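Asker: As annotated by Swiss-Prot, signal peptide applies to 1-20, with the evidence given as sequence analysis. The region 'Disordered' annotation in Swiss-Prot covers 20-41, 495-527. Feature annotation from Swiss-Prot assigns domain 'Thioredoxin 1' to 29-155; the stated evidence is sequence analysis. Taken from Swiss-Prot, the feature active site, nucleophile applies to C74, C77, C421, C424. Annotation source Swiss-Prot lists disulfide bond at C74-C77, C421-C424. Residues or ranges marked as site 'Contributes to redox potential value' in Swiss-Prot: G75, H76, S422, H423. Summarising the annotation, Swiss-Prot assigns N-linked glycosylation site to N130, N287, N518 and lists sequence analysis as the type of evidence. Annotation comment: Swiss-Prot describes 355-499 as domain 'Thioredoxin 2'. Swiss-Prot lists R485 with the feature site 'Lowers pKa of C-terminal Cys of second active site'. Taken from Swiss-Prot, the feature motif 'Prevents secretion from ER' covers 524-527, and the record attributes it to sequence analysis.
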Amino acid sequence: MDKQLLPVLLLLLGVSGSWGQGEEPGGPSEVLPEEPTGEEVPKEDGILVLNHRTLSLALQEHSALMVEFYAPWCGHCKELAPEYSKAAALLAAESAVVTLAKVDGPAEPELTKEFEVVGYPTLKFFQNGNRTNPEEYAGPKTAEGIAEWLRRRVGPSATHLEDEEGVQALMAKWDMVVIGFFQDLQGKDMATFLALAKDALDMTFGFTDQPQLFEKFGLTKDTVVLFKKFDEGRADFPVDKETGLDLGDLSRFLVIHSMHLVTEFNSQTSPKIFAAKILNHLLLFVNQTLAQHRELLTDFREAAPPFRGQVLFVMVDVAADNSHVLNYFGLKAEEAPTLRLINVETTKKYAPTGVIAITAASVAAFCQAVLHGEIKHYLLSQEIPPDWDQGPVKTLVSKNFEQVAFDETKNVFVKFYAPWCSHCKEMAPAWEALAEKYKDREDIVIAELDATANELEAFSVLGYPTLKFFPAGPDRKVIDYKSTRDLETFSKFLDSGGHLPKEEPKEPAASAPEAQANSTLGPKEEL
């Protein structure tokens, strides 16, 4: 499915590497032949190959067993395969008590039903032979990510620190270390801390109950401290005595404070940018090849601390491969240096009023003005083509959309498309034929709008193609068209004033609108 660069994930959407949804399975799979009980379980690239009989044996033999349910035809499974094998090799080299295995899902329907496998690949982790409550893997699709996730389940997820030497050694080894200072290591707060440590794979965790370490770091109560070798150097999260340690609050705190005050946007940082779940992103567009542009980063960073957790400061290098970001904001590289702010929830974009010098004061003032509602958001629009109304299909842009779509004397049928969308290209002949058929009707307008280059105040377009009908009249009524995209059905829809008979078949899923890229989940092929 083609996907558009979405506002919410505008900065190249951080596909974070957890498992999401994708293609529907249905390809053939060869059923494994019967194997005699007791026969040695085969291996492929360090991975046990299991079926409904040998899975039971493997669970008895291996106290920690991860099983990948895959399909031979599944593209995502094929992409995962080398990483999965590398993870097995990493753990074997460490003599870890974890075994990795796989099951051909289509060949083993009883197992996929038992373990509620709804897509491929699905990874389940079994401990101590318990087949009733396996834990599903939702971490990165990388060898190190899989291996580290397993390490933190078969071994400690955090290091017990008993003296200053241990703390300093841990801090020296890593750029970021999270240390929980707890007076009671058997309490609920400690359990919450360890639960978080199991899944926060990009951080290293330690804990202590030693009074001298509380004193050393100026603490008088239970506190989780993030030590880092950049920016402020340290961030404290005191434990609330009344409510205790909240897993969600601590997780958000660590994500926010593990971010640099200014994050350069690239494919490596984009997952973390969106994982921070900070709704406002302030972007500084600069050309990193120019010294005078690089110097602006000092002031940009100086403005950031008061907005930590509220506004994420991001630098976009216009000299790098970031044309998609520039296009999204309607900018050209030569307009740098410049600022833009986007709310990734509403997708509203803001620009400074007039040309401003980029200083710490002006950056802070711009942020405050947007947050206080003193600056109106802007909409992207192409210029109105001189011949926009000359052909059977009328060309709309943001600047003429309201005037045409809500003309009280016209019934207007609009296709919102993306130039790269395959479904849009497939339906183009039918749309042209529809316009040709009704070109002599004064009361009907067939139009199209490139929704990647034109934004509308009235609504957002979330998939392509999106078809909307604007019937004549003063009510500004909008009817979504969700049926078959062919000339016959389009004509019935128009002739009935925007209605279709109830028995009219709906558009099959294979031709559903192509979604914009607004998911942070990685792919999984559905059953």
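Glycine is no exception: its Cβ is also placed from the backbone N, Cα and C atoms.
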Asker: In whole Å, how far is R485 (site 'Lowers pKa of C-terminal Cys of second active site') from C424 (disulfide bond) when you measure between their Cα atoms?
Answerer: 10
Asker: What is the Cβ neighbour count of C74 (active site, nucleophile) at a 10 Å cut-off, with all protein chains included?
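Answerer: Its Cβ has 25 other Cβ atoms within 10 Å.
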Asker: Whole-number Å distance between the CA of H423 (site 'Contributes to redox potential value') and the CA of C74 (active site, nucleophile)?
Answerer: 23
Asker: Would you count the other C-beta atoms found within 10 angstroms of the C-beta of C77 (disulfide bond) for me?
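Answerer: I count 22 other Cβ atoms within 10 Å of it.
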Asker: Looking only at C-alpha atoms, tell me how far C74 (active site, nucleophile) is from C421 (active site, nucleophile), rounded to the nearest Å.
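Answerer: Just about 23 Å between their Cα atoms.
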Asker: Mean pLDDT, the motif 'Prevents secretion from ER' (524-527)?
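Answerer: In the predicted model, the motif 'Prevents secretion from ER' (524-527) has a mean pLDDT of 50.
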Asker: Taking N130, N287, S422 as the recorded positions to compare, which has the smallest set of other Cβ atoms within 10 Å?
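Answerer: Taking N130, N287, S422 as the recorded positions, the minimal 10 Å Cβ count falls on N130.
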Asker: Just give the helix, strand and coil counts over the domain 'Thioredoxin 2' (355-499), going by DSSP.
Answerer: 45 helix, 30 strand, 70 coil
Asker: Looking only at DSSP and grouping its letters into three states, which state does N287 (N-linked glycosylation site) belong to?
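Answerer: SS state of N287 (N-linked glycosylation site) = coil.
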Asker: Could you count the residues of the domain 'Thioredoxin 1' (29-155) that DSSP puts in helix, in strand and in coil?
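Answerer: Helix (H, G, I), strand (E, B), coil: 45 helix, 29 strand, 53 coil.
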Asker: Find, for the listed recorded positions C421, C424, the residue with the lowest Cβ contact count at a 10 Å cut-off, counting only other Cβ atoms.
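Answerer: Candidates: the recorded positions C421, C424. Fewest Cβ atoms within 10 Å: C421.
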Asker: How big is the Cα-to-Cα gap, in Å, between G75 (site 'Contributes to redox potential value') and R485 (site 'Lowers pKa of C-terminal Cys of second active site')?
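Answerer: Counting only the Cα atoms, the answer is 29 Å.
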